[in-house]
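J.: Have a look at this one before I ask anything.
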Amino acid sequence: MGMDQQPNPPDVDAFLDSTLVGDDPALAAALAASDAAELPRIAVSAQQGKFLCLLAGAIQARRVLEIGTLGGFSTIWLARGAGPQGRVVTLEYQPKHAEVARVNLQRAGVADRVEVVVGPALDTLPTLAGGPFDLVFIDADKENNVAYIQWAIRLARRGAVIVVDNVIRGGGILAESDDADAVAARRTLQMMGEHPGLDATAIQTVGRKGWDGFALALVR
C-alpha cells in the first residue's frame, strides 16, 4: 500500500488474516474446492471462522450444531474449536454443497467428528440426536431464522450460546426495504430481544465481506 493510499476494510482483513490466522492449507483448499464447484462465495471470513473456533474452545463446547454447511469452511473452524472429543452436526439443504463439504472436512482431518445431514433444516431438526448442544451457529436461509432459533433453544442446554450470522445487512435492517433478507434479519433481532429464554446482543462487522454483523445469545 502506498503512503498516499488510505487503508480500507479489505486491506485490514488481509493484514489480520496474515497476522492472526496465517497460512492454512486445509482452509485454502476448502475455499478453492468450493470455488471449483461453483458454490456461492458466502462463507464466513477467516477472522469470523477463527472467532467461532475460539468461542467453541472458550465455552468448552463439545456438542455443536451448525445450520447451513455450504462448503464446510465454517464447519472446519467449529470442529477445530470443539476438539478431538467434540462432535459437530451440520445441516445442509443442497446435496452438492454437502458433497463438497465432506471432501473438505476429510482433507482438513476433522471428518471423524462431523456429521453432515442433508435436507431442509426444518425437516431434519426434529430428527436430530447428539444434543443437548453447547453451541449453535445459524448461517442459512434467512427467512427461516426465527424458526431455526426456536429449534436451537429446544435443542440447546441452558447456558449454551447461539450465533446468528448476517443480521445487519449493510444497515438494511433500518430501512423500508424490499430486501427479504433484511426484513428477516430485523425480525430475527426483534425475536431474540423479546424471547424470555434468550439474553442477546449483536456486533456489527466490516471487512472484505462488507458491512454486516452477527447476533449472539445466551440460552437462559
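Each Cβ is built from the backbone N, Cα and C atoms, and glycine gets one as well.
Values in this document were obtained by computation on a predicted structure and should not be read as measured data.
Annotation source Swiss-Prot lists S-adenosyl-L-methionine binding site at V44, E66, G68, T69, S74, E92, A121, D141, citing sequence analysis. Residues or ranges marked as divalent metal cation binding site in Swiss-Prot (evidence: experimental evidence): D139, D165, N166.
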J.: Taking the mean position of the Cβ atoms of D139, D165, N166 as the divalent metal cation site, which residues outside that list, in the same chain, have a Cβ no more than 8 Å away, listed in sequence order?
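T.: For the divalent metal cation site the neighbour list reads V44, G68, I138, A140, K142, V164, V167, D212, F214.
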J.: When DSSP is mapped onto helix/strand/coil, what comes out for A121 (S-adenosyl-L-methionine binding site)?
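T.: Helix, per DSSP.
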J.: Given N166 (divalent metal cation binding site) and D141 (S-adenosyl-L-methionine binding site), what distance in Å do their CA atoms have, once rounded to a whole number?
T.: 10
J.: Reduced to three states, what secondary structure does DSSP give S74 (S-adenosyl-L-methionine binding site)?
T.: helix
J.: Looking only at Cβ atoms, how many others are within 10 Å of the one on D165 (divalent metal cation binding site)?
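T.: By my count, 23.
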J.: Rounded to the nearest Å, what's the C-alpha distance separating E92 (S-adenosyl-L-methionine binding site) and D139 (divalent metal cation binding site)? Just drop the number here, would you?
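T.: One finds 10 Å between the Cα atoms of these residues.
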